[in-house]
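K.L.:
My questions will all concern the structure given below.
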Amino acid sequence: MSGMRVYLGADHAGYELKQRIIEHLKQTGHEPIDCGALRYDADDDYPAFCIAAATRTVADPGSLGIVLGGSGNGEQIAANKVPGARCALAWSVQTAALAREHNNAQLIGIGGRMHTVAEALAIVDAFVTTPWSKAQRHQRRIDILAEYERTHEAPPVPGAPA
């Protein structure tokens, strides 16, 4: 999987790492698109940047997205508010790869204060190079979540009384 379009959004806590990731993606043949912050501002708030990156990723099938902040937690939550977005918090190479392979995640959240640059770039590389497995059991789970997102009706709990 090469030449991926990757939308990135970060607040002040992820700004410097986002800049490094953008350069790394360019050097490895990908097309990074910066959804902000476009300059460092210690008082900015992550939701706008993460929602912008997630919205653009969902609207561009086949693309991926990365949202960054201090921990990646709030950024992941913000991205997941976008209908159709599947954003996983990636804290290791393995979690980034599994986000793609098992969950067909289009986005990951990375904590800019949680990783060295080398660790973060390894997470990014795992995410952009791991293909979706297309395994039926994983697709079934994605479909259940998509149906809940569409209807707001929770799936039945197996074995629970009616």
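Placement of Cβ uses the backbone N, Cα and C atoms for every residue, glycine included.
Annotations per Swiss-Prot:
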BINDING   Asp11, His12, Gly70, Ser71, Gly72, Asn73, Gly74, Asn103, Arg113, Arg137, Arg141  D-ribulose 5-phosphate binding site
ACT_SITE  Glu75  active site, proton acceptor
ACT_SITE  His102  active site, proton donor
K.L.:
Since the record lists Gly70, Gly72, Gly74 as binding-site residues, which of them has the fewest other Cβ atoms within 10 Å of its Cβ?
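P.N.:
Gly70, out of the binding-site residues Gly70, Gly72, Gly74, has the fewest neighbouring Cβ atoms within 10 Å.
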K.L.:
Return the residue, from the listed recorded positions His102, Arg113, Arg141, with the maximum count of other C-beta atoms within 10 angstroms of its C-beta.
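P.N.:
That would be His102, with the most Cβ atoms nearby.
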K.L.:
Identify which of the recorded positions Asp11, Glu75 has its Cβ surrounded by the largest number of other Cβ atoms within 10 Å, counting every protein chain shown.
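P.N.:
Of Asp11, Glu75, the one with the most crowded Cβ is Glu75.
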K.L.:
I'd like to confirm something. Which of the recorded positions, Asp11, Gly70, Glu75, Arg141, has a Cα closest to the Cα of the residue listed as 'active site, proton donor'?
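P.N.:
Comparing Cα positions, the candidate nearest the residue listed as 'active site, proton donor' turns out to be Arg141.
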K.L.:
Across the listed D-ribulose 5-phosphate-binding residues, Asp11, His12, Gly70, Ser71, Gly72, Asn73, Gly74, Asn103, Arg113, Arg137, Arg141, what is the farthest Cα to Cα distance, given in whole Å?
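P.N.:
Greatest Cα separation within the listed binding residues comes to 39 Å.
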K.L.:
Please report how many Å separate the Cα atom of Asp11 (D-ribulose 5-phosphate binding site) from that of Glu75 (active site, proton acceptor), as a whole number.
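P.N.:
Between the Cα atoms of Asp11 (D-ribulose 5-phosphate binding site) and Glu75 (active site, proton acceptor), the distance comes to 9 Å.
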K.L.:
What Cα-Cα separation, expressed in whole Å, is found between Arg113 (D-ribulose 5-phosphate binding site) and the residue listed as 'active site, proton acceptor'?
P.N.:
13
